[in-house]
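Taken straight from TrEMBL:
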- A:20-38: transmembrane segment (TRANSMEM)
- A:45-64: transmembrane segment (TRANSMEM)
- A:70-90: transmembrane segment (TRANSMEM)
- A:102-121: transmembrane segment (TRANSMEM)
- A:154-174: transmembrane segment (TRANSMEM)
- A:203-226: transmembrane segment (TRANSMEM)
Amino acid sequence: MQDLLYFSQQLINGLTIGSAYALIAIGYTMVYGIIGMINFAHGEIYMIGAYTALIAITGLTALGLAWLPLILIVALLCAMLVSSSMGWAVERVAYRPVRGRHRLIPLISAIGMSIFLQNYVHLAQGSRNIGFPALIEGGFNFSADGAFEMSLSYMQITIFITTLICMTALSLFISRSRTGRACRAVSQDIGMASLLGIDTNRIISATFIIGAALAAVAGLLLGMYYGSVDPLFGFIAGLKAFTAAVLGGIGSIPGAMLGGLILGVSESMTSGYLSGEYKDVVSFGLLILILLFKPTGLLGKPEVEKI
Amino acid sequence: MAANNMRHALFCAIVTLIISFPILGLSLEAKGVNITLSGAKTSTYVAIVLAAVAVFVFQTFRDTFMGALGKLPNFNPLAGREPMEQTKRVKLESWLLTGIVVFALFWPFLVSRGSVDLATLVLIYIMLALGLNVVVGLAGLLDLGYVAFYAVGAYTFALLSQYTGISFWMALPIGALLAGLTGMILGFPVLRLRGDYLAIVTLGFGEIIRILLNNWTTLTGGPNGIGGIPEPTLFGMEFGRRVKEEGNTSFHETFGIAYSGEHKVIFLYLIALVLAVITALIIRRFMRMPVGRAWEALREDEIAARSLGLSRTAVKLSAFTIGAFFAGFAGTVFASKQGFISPESFVFLESAIILAIVVLGGMGSQLGVILAAIAVTILPELAREFSEYRMLIFGAAMVLMMVWRPQGLLPVRRIQITLNKQG
């Protein structure tokens with residue numbers, strides 16, 4: 001019983017982190033699916049989302065607003081607005097001019113952008129980590145005989161529910177809306193889509209905006225869950241989310257969700273049963289193994305190189 | 001069109017405001033448990049508004065600006081001339097390189113100790129950048145975990161000196177070979193991957209090495225690092241005030257001159273200089289050998305190169321191994337120079353800086369890479385007040401280089417031979 005509770009605790013922690021990873025991974029996978037580049041600066045967009053949310057929460061609290069759901073929703077909207085503007089601007093400045101060149105050129109440009117954004121926040125907000133107030137406290141506790149308690153906090157529930165809402169909204173958007181249909185068309189064949197009258201530049205911008213907005217949601221959730229933010233906050237999370245995207249099959253949206261959950265669970269199992277220090281080793285090791293043995297991921301389509 | 005432009009410009013200006021105002025204009029401060037929000041200086045707000053206005057104006061008159069820019073007379077005085085003749089250019093470049101080396105030989109005797117120390121660091125970066133240039137510039141393999149091989153070299157020396165008391169000169173080849181071996185072992189499975197996947201895998205590998213160094217406390221000392229790494233000796237002569245090891249003599253006593261701490265710094269600098277020159281010469285050789293041509297061929301067109309019978313794995317692996325080898329070289333020198341190493345020195349940022357040097361210098365061009373290494377390391381030291389903006393500027397420079405001049409500041413030019421017409 002004891003072991004089972006411990007295992008379920010790790011599972012819950014893993015699913016919590018994993019669903020947030022999935023939110024970030026969507027941004028990687030959509031961009032890769034459409035223009036075939038790794039948006040290395042995506043982790044920084046997520047970090048900026050977390051910072052903006054914190055700024056908004058602090059500001060609103062200082063203004064005397066007390067109703068928690070309103071604070072959270074306004075902070076979320078602010079974070080999404082700033083992050084998606086950032087995503088749009090980054091694409092415009094750093095990626096559009098180099099689109100269609102040799103594969104490494106957009107990647108190097110993206111790495112430059114990532115360094116730039118990291119230091120932008122570092123210079124503006126300082127390099128120290130800043131505590132994120134725990135606004136959602138408490139939770140359910142289960143215990144077998146009082147020895148080990150398994151807890152499911154309200155924060156974790158919030159993360160699950162928010163992720164679920166975002167994912168459902170995204171799926172509906174992609175499958176039903178006109179822009180979503182255009183997104184799918186562009187990811188299948190960008191040349192053909194533009195021949196059929198789809199403004200591909202607009203769709204690519206839309207992809208960046210959607211990805212950045214979801215990353216901002218993850219930024220708010222994870223910032224609150226971990227309890228602090230710093231300018232390097234996005235780097236590792238971005239790598240993890242990229243791993244999740246690759247794990248599920250890059251380019252595939254359901255794949256990113258699945259990959260995020262698997263990665264989150266395997267990470268929390270490592271820290272639960274082996275050692276917390278090696279959880280990053282496990283996720284990077286996982287990434288390397290997948291890329292070596294099944295580069296298409298779990299749900300991805302094989303990529304054919306055309307001559 | 002005008003109205004459309006205007007709308008777009010307004011949109012861009014608003015986006016500029018949105019992305020700069022919350023992050024720049026409001027800063028978070030932790031006061032005990034509480035966090036407070038404070039406004040920035042007025043000048044910051046003015047700057048934000050000015051930036052937005054600038055974006056608006058530029059976007060509104062974008063077509064006019066771009067048109068005017070195209071019509072500007074070319075200020076480059078060399079623009080109209082014929083490109084320099086091949087043989088002449090090669091000769092000029094080698095004269096220039098020789099000049100730099102000769103200057104570098106005499107230079108440390110004229111300046112202060114601090115500058116020599118910095119110059120040693122520059123030379124280490126030159127070695128690293130030349131090595132990475134083989135991997136990224138010539139072979140076209142984006143390696144984001146290059147710093148891992150640097151770490152292998154440094155830690156090899158540190159650990160061997162700690163456990164077996166090995167000297168610098170013994171450790172130098174061992175460290176480099178071990179780094180090269182690591183490169184080969186890692187490269188073997190990953191080089192089948194496509195460009196951008198390779199980049200991420202090498203990044204992951206670099207992080208794994210760093211985490212291992214950080215957590216394998218019993219062997220590497222973890223975050224505390226390893227200290228007491230010996231300095232190089234000159235034919236058994238030590239540069240310290242007192243001889244540490246039995247059988248060695250000290251430099252100043254042998255030559256009967258007064259002890260000075262500068263000797264050691266200059267000696268380290270000269271070692272680094274010699275090694276950097278050796279690195280440059282070896283790689284220069286490689287570039288002209290068939291394997292060097294094969295690297296470039298594979299970079300330009302993998303399918304064509306393979307259909308001509310080049311073994312993809314062998315060619316890529318050779319580039320990867322050679323790059324790693326020289327990183328190990330540099331790592332050993334670094335460990336010896338610092339006397340202390342810790343995982344702090346081998347973070348991803350370091351890889352990014354080396355990559356930035358290669359990118360700025362023009363991928364594949366040796367002279368360019370050397371000049372870029374000097375610029376990237378020295379400029380932040382010269383302009384101290386800008387040093388905190390260093391990484392910001394690096395990032396922006398990387399983006400701008402990719403957008404405007406992906407071939408780098410001093411692009412490499414193919415060596416070509418024109419055959420004379422036979423009568």
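Yeah, the Cβs are placed from backbone N, Cα and C, and that goes for glycine too.
Note that the structure is predicted; figures quoted are calculated from it, not measured.
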Q | Chain residues outside the transmembrane segment (A:45-64) and at least six past its termini with a C-beta under 8 angstroms from it | A | 24, 27, 71-72, 74-76, 78-80, 82-83, 86-87, 90, 117-118, 121, 125, 130, 132-133, 135, 211-212, 215-220, 222-223, 229, 231-235, 237-238, 241
Q.
Are there residues at least six beyond either end of the transmembrane segment (A:102-121) with Cβ under 8 Å to its Cβ atoms? List them, or say none.
A. 36-41, 43-45, 47-48, 51, 86, 90, 93-95, 231-232, 234-235, 238
Q: Give me the stretch from A:20-38, A:70-90, A:154-174 with the greatest number of Cβ pairs under 8 Å to the transmembrane segment (A:203-226).
A: A:70-90
Q | Residue numbers, six or more beyond the limits of the transmembrane segment (A:154-174), whose CB comes under 8 Å of its CB atoms | A | 12-13, 15-16, 19-20, 22-23, 26, 134, 136-139, 180, 183-184, 210, 214, 217, 221, 224-225, 253, 257
Q: May I ask for the residues of the chain that lie six or more residues beyond the transmembrane segment (A:70-90) and have a Cβ under 8 Å from a Cβ within it?
A: 27, 41, 45-46, 48-50, 52-57, 60-61, 113, 117, 135, 205, 208-213, 215-217, 219-220
